[in-house]
Every structure is written in structure tokens, then in C-alpha cells.
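Participant: Let me give you the structure first, and then I'll get to my questions.
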Amino acid sequence: MTHLDAVPLWVALPAALLLVLGSGLTLLGAFGLARLQSFYDRLHAPTLGTSWGTAGIVLASVLLFSWLEGRPVLQELLIGVFVMLTTPVTLMLLGRASLHRDRAEGSAAVPPAGNARPADRGTAGADGARGAATPPAWP
Amino acid sequence: MSRLVPHPLLSALLLLMWLALTRVSLGQLVLGALVALVAGWAMARLRPARPRLRRASAIPRLLGLVAWDILRSNAAVAWLILTDGRHGRRRSGFLRVPLRLRDPSALAVLAIIVTATPGTAWLEYDAETGVLLLHVFDLVDESQWRDLIQTRYESLLMEIFE
């Protein structure tokens, strides 16, 4: 821990604040995931950790290690980019699966499939095609 | 777009990433270039719709807007979790947003924005009608959320991609 003693206050203070912000948001997200009642509400809580929760910790790391090594250390930003790009895939998958299940069970709490289209036939097939149409189009 | 390097931008970014994650040396350069080339060929086999950027100059504006909005909604959702949803008065719900956006790449970016923002979750997009189904954590005013998606993000994305 001796090399951390050399860190001046103007680096240590913002780094510590960012670290507390990031880990605090992640903790709140985990807390929300455990506490919230419906599945769809719970979808929102972990995104605290994957957005500014990650960003805060990553920025703190960039700041501290850039100062310690005397050069810009930026590879941590890649963590943030990849977390940002990959979480939507999982969340959409979970959300759509839950929606499909609730509709199959005839739950009144979720909106019906399609938009003012009475025929429900072939929804699963169309869903698969639609799901494939959006995410892999990322360059 | 030669046969050897079908996706030059993707390959260049992969090579840069490889060098950032290892060290800059001739060996790593060769290895990284190899990985980037193979990834480019694999991508070409998938034949994705090639994204066309019409106005790349608007991308920094979009990034800044999104970073700020995500920070704000982080604070809002964190506050709602802490106060137990304004002491049980928070109402979440589904929301349909008709979109004019049709470009698959632009829709993918919108999906990332909507999902990365705490408080909104992308559930379903109907490619035929162009209607997006969202779940909103704190649905006070439906038209306000619709407005947020349509005027704040959709119009900017249309400017960039279409």
C-alpha cells in the first residue's frame, strides 16, 4: 500500500468519490433486485450497476492508474464499453421470455402481442425473426 | 471493401483493442492483425446489413446526451429504491412508442440506450408496425416518456443513420 501514499489529494479525492459513487449505485441496484416485487420492475435495478455503477469504478481506476504509471491508462474503458454493449442482449432476452410466458398464461397484467391485430397465430415465429433482426445488426 | 479486409473499420478497432490490452510490440501487432482479419472474415460470412453513417458528426452529441441522461436516471432510480418508490406510490407500467426509425443499426443503438438507462427496459419491437413496447419503472406521464424517446433519441438517430 506504500505507493498509494504517494498519490496526491487532488487525484485521490475524485478517485475515491467515483469509486464510492460506482460501488454505491451497484449496491443499490443489487438491493433493488432483491427488494422489488414484479419481474419487470426487477429488470431495471441491475442496470444501475451496469451503467454508472461500472462507469464510476472504471473512471476511478483510469484516474488513479494513469497518475501512478505516469501515462494514460485507458484499457479499463473497454470494460465499460463491453458491459454497455452486452447487457441489453441479456435483459432483452429475459424481458421477452417473461413477456412470452405471461402472454401464454393469459395474464391480464401484460399488453397483448402485436398492435391491434387480433390474430395471435405465428407470434412465436415472428418474434424469433424480430429478435434476430435487432441485436446482431450491431457492426 | 476488398476480399482480404471486408470490414476495415471493425478490423482496425479490433487491432487497436488488442494492442491496448497487451503491449505494443511487433509480435503483438502481428497476432492482433491476424485476429482482426479472421474476425473480419467471420463477420463477412454473417452478411450483416452494412450500417451507413450519414452524419457521424452528431455522434459525440448523442454520446454526451446519453451519458448525462443515464446519470440522471441512475440518480432517479436509486432514489426510488431508497425511498421504497415514494413510499409505495410509484407506478410502473408498459408503454407503446410508435417509431419512425427503420434502420436496423439505428434500432440496435436505440435498444442499447434504452436498456442501459435505468428506468426503461426494451421489451419488444414490431418490425411490421414499427411499434416499440417498453417497460417504464416510474410511469408518471406517458406522453413525457414517449416524447423523450421520439424527440430526444429517435430524431438524433435518424439524423445519424437515415
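Backbone N, Cα and C atoms are what each Cβ position is placed from, and that goes for glycine too.
Pulled these from TrEMBL:
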{"type": "COMPBIAS", "residues": "A:121-139", "note": "compositional bias 'Low complexity'"}
{"type": "REGION", "residues": "A:105-139", "note": "region 'Disordered'"}
{"type": "TRANSMEM", "residues": "A:12-36", "note": "transmembrane segment"}
{"type": "TRANSMEM", "residues": "A:48-68", "note": "transmembrane segment"}
{"type": "TRANSMEM", "residues": "A:74-94", "note": "transmembrane segment"}
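A description of the local structural setting of each listed feature is requested, covering burial, neighbours and distances.
Facilitator: Sequence-distant contacts of the transmembrane segment (A:12-36), counting only residues of its own chain at least 6 positions beyond either end whose CB sits under 8 Å from a CB of the stretch, comprise 42, 44-49, 52-60, 63-64.
Within the chain, the transmembrane segment (A:48-68) has long-range Cβ neighbours (under 8 A, six or more residues past its boundaries) at 3, 7-8, 11-12, 14-16, 18-23, 25-26, 28-30, 32, 74, 76-77, 79-80, 83-84, 87.
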